[in-house]
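Engineer: Quick one: the structure is below, questions incoming.
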Amino acid sequence: MTTARTPASRNLLDPGFELTLRPMRYPAFYERYRDAIRNTWTVEEVDLHSDVADLAKLSPGEQHLIGRLVAFFATGDSIVANNLVLTLYKHINSPEARLYLSRQLFEEAVHVQFYLTLLDTYLPDPDERAAAFDAVENIDSIREKARFCFKWMAAFEGGEGVKPIERLESRADRRRFLLNLICFAACIEGLFFYGAFAYVYWFRSRGLLHGLATGTNWVFRDESMHMSFAFDVVDTVRQEEPELFDDELRRQIEEMLEEAVEAELLFARDLCGEGLPGMNTESMREYLRCVADQRLVRLGFPARYGARNPFSFMELQNVQELTNFFERRASAYQVAVEGSVSFDDDF
Ligand SMILES: [Fe+2]
Ligand SMILES: [Fe+2]
C-alpha cells in the first residue's frame, strides 16, 4: 500500500490511500466539506401537496413534459452516485477530498430520495410509475443520456471485455480519469441537470409546481457545489501535472460537451414536441449552448458557441435560492450561518 507523503504520492492523482490530515495538503477541499455540512436539508421539508392540484391543470403537452422530466430524475442521481464511489472516491487521493466526496454521496442519496418521493406523488398509477423508473431502458431520449454517462464510466466500471483501470499509473489513465471527472461535473451535473432545472423554473415562473421548485432549489444548490468541487480538483491537477492539459485533451472535452448538448437536445425535442408557450427546442438549444460555454470557460478554454441565456427565469436563480436557503435556516432552526458562499461560474 502506498503510504502518506512518500515521493510517489505527492500528487492528487498518484495511486494510493493517503490518510494524513495533518499537515493538511489540500485545505480548500476540507473547507468545501464544512460548507456542505452547513447546507443540510431533508426531503421531509419539501411539501408537494399543492403540486398534485397543479398537475391536474396542465395541458396534455405539459403533462407529457413533466412525465418525461420526472422519468429522467428517477435515475440521474443514482448514476452520479455510482460514479462517485467507483471512480472519484477511488482515484482522488486526498483524505480531505474524500471527506467532501463522502458528504456529496450523502447529498446524492437525498436527491435520490427526493425524486423517489416526487415520483410516488406525481405518478399514483403503479404501471406509469414502474415505466418511469425503467426509463433508461424504454424511453429513447433518456436511454441516450444514460448511454452517454455509461460511455465515460466504462473505463473505470469494467464490464464485458473491458478491464477497469485500477490505478492511475500512466498519463493515458490520468487523462481518462480527467475526462470522467469533467464529464460528470460539466456534462451531467452541469448540463443535463441544468437543462432539467430550467423546465422546473419555467413552471414556477407561471406559478406552478411550487413543491418541485422548492426541492429543486436545494438540489440546484448542491449540484452547483458538486460542480465547483470537481472543477477545483481539475485546477489542482492542472497545477500539479500541466502536461496532461494538452490540445488533445481540450479537443476531447469540447467534443464531449458537444455530444452532451446533442443528447440533451434530443431530450428537449421529446419533451417540447411542437413547442409550448415560453418553452421550445430552439430556446433550449440556446440555453444549453450558453451553459456549455460557461463550463468551457471555467475549465480555461474559449467559449465555443457565443450563446446567450434566453431564459430570464434562470438568471436570478442562484441569488434567489441562496436568499431562500438562509432565510429558511434562520427561521426554521435558528442556526447561525457563517461564512460566504460563491457560485464561481453559474447563473
Ligand atoms: Fe444530485
Ligand atoms: Fe451531484
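Glycine is treated like the rest: Cβ placed from N, Cα and C.
Please treat TrEMBL annotations as automatic predictions, because they have not gone through curation.
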Engineer: Can you match one of Asp77, Asp127, Asp134, Asp140 to the Fe cation 1 site that TrEMBL gives for Glu108, His111?
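Structural biologist: So the Fe cation 1 site in TrEMBL includes Glu108, His111 plus, from the candidates Asp77, Asp127, Asp134, Asp140, Asp77.
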Engineer: For the Fe cation 2 site that TrEMBL describes with Glu108, Glu223, His226, which of these is also annotated: Glu144, Glu189, Glu262?
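Structural biologist: For the Fe cation 2 site that includes Glu108, Glu223, His226, TrEMBL also lists Glu189.
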Engineer: Going by DSSP, give the three-state secondary structure for Asp77 (Fe cation 1 binding site).
Structural biologist: helix
Engineer: By the DSSP assignment reduced to helix, strand and coil, which category contains Tyr115 (active site)?
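Structural biologist: The residue in question, Tyr115 (active site), is helix (DSSP, three-state).
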Engineer: Relative to the Cα of Asp77 (Fe cation 1 binding site), which of the recorded positions Tyr115, Glu189, His226 have a Cα no more than 10 Å away?
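Structural biologist: Of Tyr115, Glu189, His226, within range: Tyr115, Glu189.
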Engineer: Using Cα coordinates, what distance in whole Å links His226 (Fe cation 2 binding site) and Glu108 (Fe cation 1 binding site)?
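Structural biologist: For His226 (Fe cation 2 binding site) versus Glu108 (Fe cation 1 binding site), the Cα atoms are 10 Å apart.
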Engineer: Measure the Cβ-based neighbour count of Asp77 (Fe cation 1 binding site), defined as the other Cβ atoms within 10 Å of its Cβ.
Structural biologist: 24
Engineer: Near ligand 2, which of the recorded positions show up if the criterion is a Cβ under 6 Å from one of its atoms? Options: His111, Tyr115, His226.
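Structural biologist: By the Cβ criterion, which requires under 6 Å to ligand 2, the hits are His226.
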Engineer: Neighbours of the Fe cation 1 site Asp77, Glu108, His111: Cβ within 8 Å of the Cβ centroid, same chain, sequence order.
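Structural biologist: Everything else in range on the chain: Gly76, Ser78, Val80, Ala81, Glu107, Ala109, Val110, Val112, Phe114, Tyr115, Val219, Asp222.
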